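Below is one structure; the comments refer to it alone.
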Amino acid sequence: MSRRSALIGLGAAGLLVLSGCGGAPTSGGPASGEPSAAEAVYTEVTALTGTERRDRLVQLAAEEGNRLSIYTSMNADIADIVVPRFEQEFGIDVELYRADSETILQRTLQEASANFAGADVVETNATEMAIIASEGLTGDYAGEQRDKINEQFRYDGWTPTRFNIFAPAWNTGLVGADLVPRTWEDLADPKYDGILSLEVSDYDWYMTLYTHYQEQGMADADIDRLFADMVQGSKVAKGHSGQVELLSAGEFGVVAASYTYLTEKARAAGAPVDDQPFVEPVVARANGGGLMRSSEHPATAVLFMDWMLADGQGVILENGLTPAVMPDGTDPLAGHEVLPVDVQKLLDEGNEWSARYDEVVRGGEQLPEN
Amino acid sequence: MATVTTPPRSGTPSPAGTSAGGGRASIARWRDTLLRPRTLVAVAVTVVVGYLALVPLGYLLLTTFTDADGFSLGGFARAYGDPRIGELIGNSLWFAVGSALLSLAVGTALAYFNVRTDVPFKALFFAASIIPLIIPGILYTIAWIFLASPTIGLLNSLLEPVFGPGTFDVFTVWGMIWVEGLHLSPIAFLFMVAAFRSTDPSLEESALMSGATRVQTFRRVTLPLVRPALLSAALIMLVRSLESFEVPALLGLQNGIYVFTSRIYQVLRSFPVDFAGAGALAVGLLAVAALGIWLSNVLSRDHGGGTITGKGFRPRPIDLGRWKPAVGGGILLYFFVTVLAPLLVLLYTALLPYYRPPSAEAFASMSLDNFVAVFNLPTVPTALRNSLLLGGGAATIVMALMAVAAWVVVRSGIPGRQVLDHIAFSPLVIPGLVLGVGIAFVYLRSPLPIYGTLLILLIAYCTRYLPYGMRYAVSGMQTVSAELEESAQVSGAGWWATFRRVLLPLIAPALVAGWVYIFVVSFRELSSSILLYTPGNEVLSISIWELYANARFGELSALGVIMVLILAVLVAVAYKVGARVGLKSD
C-alpha cells in the first residue's frame, strides 16, 4: 500500500505539474474579448477631466479599499520616494513589487495565464510593456497628462512615465578634451581603442542607431564598418551599472552607451565622470505603465497613473531621471535631437537585432588581447 | 519506539515485482514489511523529495519538448544550431574543468592539513572555508577586478616596480578559473573535511610503518579512502562552474570569451522568452550530470563501502615536522588571497563614496556613510529576518530529508533507488528563472494558499539545494560501513533506533557541512527569489540586487561586509552545535 501510495504521490505531483498546461507558458491570459470590470471603470473615467475626475477617482478608490498593487522595475531608491508620496497624498496603501524588467514580464504573464489578479499597475521597460500590452493584458488609459507626452511615445495599451537616455560617458580623469566624443561616429576612431567599453545586451541602442544611419542614406556596408570599428579594441561589459562603476574606477575611459541617470548618479557621488554635452542625436527609450485589465482596484490604478504623470513627474525629475513630461507640461527632450527606440520594431525584429548585435560585439574577440 | 523485528539484511528486496503465490500468510508478511517504520519513512521521504524535484523538472521538460503545436524539438535546434556552439562548449569545459580542479586541489589540501596535521593557524581555516561562500559572486568578481585588472588592479600596481605593468590579467580564461576556483574552494573544503574526519588514520599509519613515503601514502591510501566525497565534490563543482554566470559575464566578455551560460542568458532574454531553447541547454547539462552521478556511484561502489568500521579510532594529527613553516606559510597565503584581499577591497570600497585606486585623496574621502545608508534601507531588517528564516529552514529541511534519502540510495537496496539520486540532482542544472517559473506555474494553480507567501520561497530554496544536500549526505553515508548497522540490528535495535543512534551521529560531520553550505548560499539565491517574493517578504539577495542594479557599489560592499560578519558568527555557532552532535569533531 505504501509503495503504491508513493507511486500515486509521484503521479499526483506529475499531474499537478501537467495540469493546466493547455498552452505554452507564455501564451494565454484572460484573452481579449468581453471588457472586464476594470475596463468598465477605465472607460467611465476617460470622459472626466480636472477635479471632477480626481474627486470621482478618490471616491471610487475608497470604495475599492484604498489599496493598490504595483509591479515595477523602477530602481528602489526612486520608487521608495515616489510611492510613499502617492500613499501620503491619497491615504492609499501600496504593495510594491520590484524586480528587473524580464522578471516583471515573466511574473505578469504567469499570473495572467493562471487568471491570478496580481498587479493593478505594471510599470517597466518599453519592450516588456509592449509585450504585456500586445498580449491584451492592459486596458486603455486616457487623460490630459497623457496627451502632453511627445507624440512619438504615445503607445497603445501603455503610457511612458520616464525615459532612459543612452549617451556616451567618459572618465574626466583619463579623457582629455581631445578625446571627448562629439558624435556617435567619433567612437569608431582608433584613438578609442583600448579605452572604449560597449555593453553586451544594448541591441536596442544598436538597432536604433543603425536604422537612423540607414534613414540618413548610409549603405549597410558602411554602417557595419562603423560599428565594427567601434568594437575594434573595445572592452565588452555586462550590465550598465557595473559598467559605470568600472568607468569611475578608471578601468574604462569611455562608455559608448551609458544610461544618463547612472552617469549622473556617479557624478553626484563625486566620481570623475561626465556625459555633457550629450552626443546628439540622443537615443531615448521609454519606460511606462499600463493599467491591468484584471485589476481589482481599477480606479485606484487610474488615480496612480494620473498622479504619476503629474506630480510624480516632478519627483522623477528631482531624483535625476528624465520624466516623460516636464512638470510644466513641456517635453523634457525638447532642444535635443531624439531618436526614439522603435518599440514595435523591437517586438517584431528584436531577436534578429539581438543576434546581429551579438555578432558585432563578438567581432572584438578576433583581436589579439591588447 | 523502535519496533523490534527480525534482523533484516540491509538489502531487503522491495515488494514490487513479486507475484509469488498468494495466501494470507504471504500477504500479511508483505503488509508487515511495508508497514515497517523504515519503509514508511523511506517512502515518505521519497515522495517529498520526488515532488520537490519533479515540479520544476516536469515543467522544464514540458516546455522543452513542446511548443504551441505539441511535441517539438525546435528548442534543441535553436539552442545547439548556433554555429559557435562548439566554441562555447569548448570554452565552458576548459573553464569548468579548470575551476573544478583548482577548487578540488585547494579544498582537499586545506581539509587534509586541517584535519590530519598539526598545521598552524587552524583558526583561519574556519574563515577561509566560509567567507568566500558568503560574499556574493558579483562582489567577489568585482573585488578581483579591482585587485588584478591590468589597468587598475591593486596587485598589479604593487608589483609594477618589480615585474613591469600588468603582471596579472584577470580578464582571461585563467583569470576566470582563478576567481571561480577560489570562490568554489570552500565547497570542496567542506566536503573533504567531513570525509577526512570520517576516515580511519590507522590505515595511513600502517602504510607509513610499512615504508611508504608521505606522498605515496596520501596518493595510494588517503585519497582512495575519501573517494566518494572527492567524486561528489568534483561533480558539484563541475556542474556549478558550467552554470556559473557572474564570472564569465564580468571577466570573460571583456575579451570576448563566451561560455555556455552566456547562451542561456541570451536565450532567456529573447522575446518571447525561449524556454524551450533554455530548457534544451539545461537538458544537455542534465545529461552530463546524470553521467557524472552514475560514474560517481560506480566508482564509489568499487571503493568497497565504508571506512568507518566498528573499530574505534580518533584521528591523530600528523606531525608535519620541518614542513610546518612551509605549509603554515601556504595557509597564510591562501587566507590572504581568498579571504583577506577580497574582503579588504570590499571594506575599502564600502568606505568610499565611489571606487578609486588608493591615494591620499581617496583615504581623505572615507566615511561610514555607506554603512549608515544600508541600515537605513527600509527593507533590510525584514530581508535579514526572512533570509535567516529561509536559510535555516531550507538547510534543516533539506539535510533532514537527505539523511534518509541518502540511506535509501546507498543502503536500502530498494530497486530503482538510484532514480531518486538522479531526480534529487536535477534542480542543480535547471536555470534559476526556469525553476522559479515552474514553481510559480504550479502554485498559481494550486488550491493551497502558498503563492505569494514566504512558504513558496521555502519550497523554492529546498528544491534548489536538494542536490547539494544529497551529495553531502550520500558521500557521508558511503563512508560508513554497513557492518555497524548490522551489529546494531543484531543487538536488537530497530531501524529507527539504528538510524538515529548509529548512522546519524556517524554522518553528522557531512550533514553539518551540508547544512552550513545551504544556509550560507541561500542568502545569495536571487533568480527564483526575485520572481517569487511578494512585498513584505523580501530577502537579502533582493536588497543586494537592488543596490547592484542601482550602481550603489559602496553600499553593496557595506552590505557584503555586514553579511560576512553576521553569517560568520552564525556559522561559528552552528559548528559548535554540530560539533556536539558529531562524535569525532575536534
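Backbone N, Cα and C atoms are what each Cβ position is placed from, and that goes for glycine too.
As given in TrEMBL:
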- B:1-17: compositional bias 'Polar residues' (COMPBIAS)
- B:89-296: domain 'ABC transmembrane type-1' (DOMAIN)
- B:384-574: domain 'ABC transmembrane type-1' (DOMAIN)
- B:1-24: region 'Disordered' (REGION)
- B:39-62: transmembrane segment (TRANSMEM)
- B:93-113: transmembrane segment (TRANSMEM)
- B:125-147: transmembrane segment (TRANSMEM)
- B:171-196: transmembrane segment (TRANSMEM)
- B:217-239: transmembrane segment (TRANSMEM)
- B:275-295: transmembrane segment (TRANSMEM)
- B:331-351: transmembrane segment (TRANSMEM)
- B:388-410: transmembrane segment (TRANSMEM)
- B:422-444: transmembrane segment (TRANSMEM)
- B:450-467: transmembrane segment (TRANSMEM)
- B:502-523: transmembrane segment (TRANSMEM)
- B:556-575: transmembrane segment (TRANSMEM)
The transmembrane segment (B:556-575) touching the transmembrane segment (B:331-351) per 3+ Cβ pairs under 8 Å rule: yes
The transmembrane segment (B:422-444) versus listed stretches B:39-62, B:388-410, B:502-523, B:556-575: most Cβ pairs under 8 Å: B:39-62
Remote residues contacting the transmembrane segment (B:502-523) - C-beta distance under 8 A, at least 6 residues beyond either end: 130, 133-134, 186-187, 190-191, 193-195, 197-198, 229, 308, 387, 390-392, 394-396, 398-399, 402-403, 406-407, 461, 464-465, 468-469, 471-473, 475-477, 479-480, 484-485, 488, 493, 539-541, 563, 567, 570-571, 574-575, 578, 581-585
Tertiary contacts of the transmembrane segment (B:39-62) (same chain, 6+ residues out, Cβ under 8 Å): 33, 279, 282-283, 401-402, 404-405, 407-408, 412, 414, 420, 423-424, 426-427, 430, 434-435, 437-439, 441-442, 459, 462-463, 466, 496
